[in-house]
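Structure, as C-alpha cells:
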Amino acid sequence: MPPPTALARHRRRRTLLALLFAHLLQLIAYAALVYQELIDPPDPIPYHTSILSGQGWVDELYNGHPNRINTEFGVRRHIFNILIAELRWLGYGQSRYVSLEEKLGIFLYTCISGIYFCEILDAFTDPDFYNRYVQLPTANTPLPQRFMDNPLLFPFFENALGGIDGTHIPSWPSKEDRQLQRDRKGQVSQNVLCCCSFDMRFQYAVTGYDGSAADATMFSQSRMEDFRIPEGKYYLADAGFPNCKALLVPYRGELFNLRHAQARNVIERIFGVLKSRWGVLRAPLKYDMEIQARVPVALMAIHNLILKYDLEEDKESPDNEDDAYDPMPRLDADTDGELASSMVNSVGI
C-alpha cells in the first residue's frame with residue numbers, strides 16, 4: 001500500500017480539527033446551559049399533575065365537607081389548625097414551593113396511607129412538642145372521673161395510674177437484622193412499650209426494640225433510664241411482666257382477674273384506636289429503623305392533642321372490656337405478690 005500523499009494527510013488533519021472544534025463548541029454550549037441553570041434554576045416540574053395543585057388539594061379538603069378532611073388527614077378542621085399553630089410555634093414555616101399547610105397535609109395523608117414526611121416528623125418528635133402532650137403522671141395526678149364513678153374498679157384500683165403493655169408494629173429492618181426483628185408470630189416488627197391513663201392518653205413510650213424483645217425486658221431497661229413511677233403508684237400489666245411494686249399483674253382469684261382485666265384493657269383499646277386511625281402503623285415503612293422508631297411516638301403525641309382539643313372524638317374503641325380477661329394468669333414463685341394479695345382481699349375474694 002503506497003504511503004499517503006501530503007494532500008491526503010492535510011485533508012485528514014483538517015477533518016480532525018473540524019471534529020475537535022465541533023466537540024469544543026458542544027462543551028461550551030453545555031457549560032453555558034449548566035451555568036444558566038445554576039444562576040436561574042427553572043421551576044420544578046410537578047410529579048403529580050392533578051387538576052388541583054398540592055395547595056389547592058389541601059384547600060379543597062379544608063373548605064369542603066367537614067368529614068372529608070377527617071377521612072383524608074385523620075383529623076378534623078380545628079385540629080388541623082391547632083397543628084399548624086404548633087408547627088409555627090416550633091419555628092417551622094413554608095419553603096420556596098410548599099406551604100406549611102401543604103407540608104402538614106402531606107404528612108397526615110401519608111401517615112394514613114403508609115408514607116411519611118421527614119420535616120414534619122422531626123417537628124412532632126421534637127421534645128418541645130412531644131413533652132407537652134405526652135407526660136408521665138405524678139403522685140398527685142387525679143384519676144379520670146369516669147373511672148372513679150365505676151364501682152367495679154374504684155376504689156379497688158385507686159392507686160393505679162393506668163395500663164402498660166407492648167405492641168408490635170410492622171418494620172422493615174436491614175437484611176442483617178431481619179431475624180432479630182421477628183416476633184413470636186414470625187412477623188418482622190418492632191416492639192413498642194407504652195403506658196396510658198384510664199382516659200386513653202399516652203403517658204410514656206419507648207420504641208425501636210426488636211420484635212423478639214420481651215415486654216419485661218423493655219420495662220426493666222426503661223426503669224433504669226427515664227421511666228419514673230411515683231412511690232405507692234403502679235400500672236396494671238399482663239402476665240408477661242414481673243409482679244413488683246410498680247406493676248400489678250394477674251393473680252389468683254377469678255373475680256380479681258376479671259376486674260383487673262377490665263381496668264387494664266384500656267391499653268389494648270388505645271392501641272386499637274391508634275392503629276385504626278393511622279395506616280402507617282399497619283404496614284412496614286421502607287426506611288431507616290431510626291425513622292421507623294420515631295413515627296409511633298409522633299402519632300401518640302398527636303393522639304393526645306386530638307383528645308385534648310376535639311370534644312367530638314370517640315375516645316373508645318368498640319373492643320369489649322372483658323376481652324382481655326385471662327382466667328389462667330402466670331404466678332411465678334419468685335414474684336412479689338403482696339400488692340396483688342391485698343388487692344384480692346379488697347375485692348372481697
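Using N, Cα and C of the backbone, Cβ positions are placed for all residues, glycine too.
Listed features, source TrEMBL:
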type	residues	note
SIGNAL	1-31	signal peptide
DOMAIN	49-124	domain 'DUF8040'
DOMAIN	164-304	domain 'DDE Tnp4'
COMPBIAS	313-325	compositional bias 'Acidic residues'
REGION	313-339	region 'Disordered'
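Mean pLDDT, taken over the domain 'DDE Tnp4' (164-304), works out to 88 on the 0 to 100 scale.
Residue counts for the domain 'DDE Tnp4' (164-304) under DSSP (helix as H, G, I; strand as E, B; rest coil) come to 52 helix, 32 strand, 57 coil.
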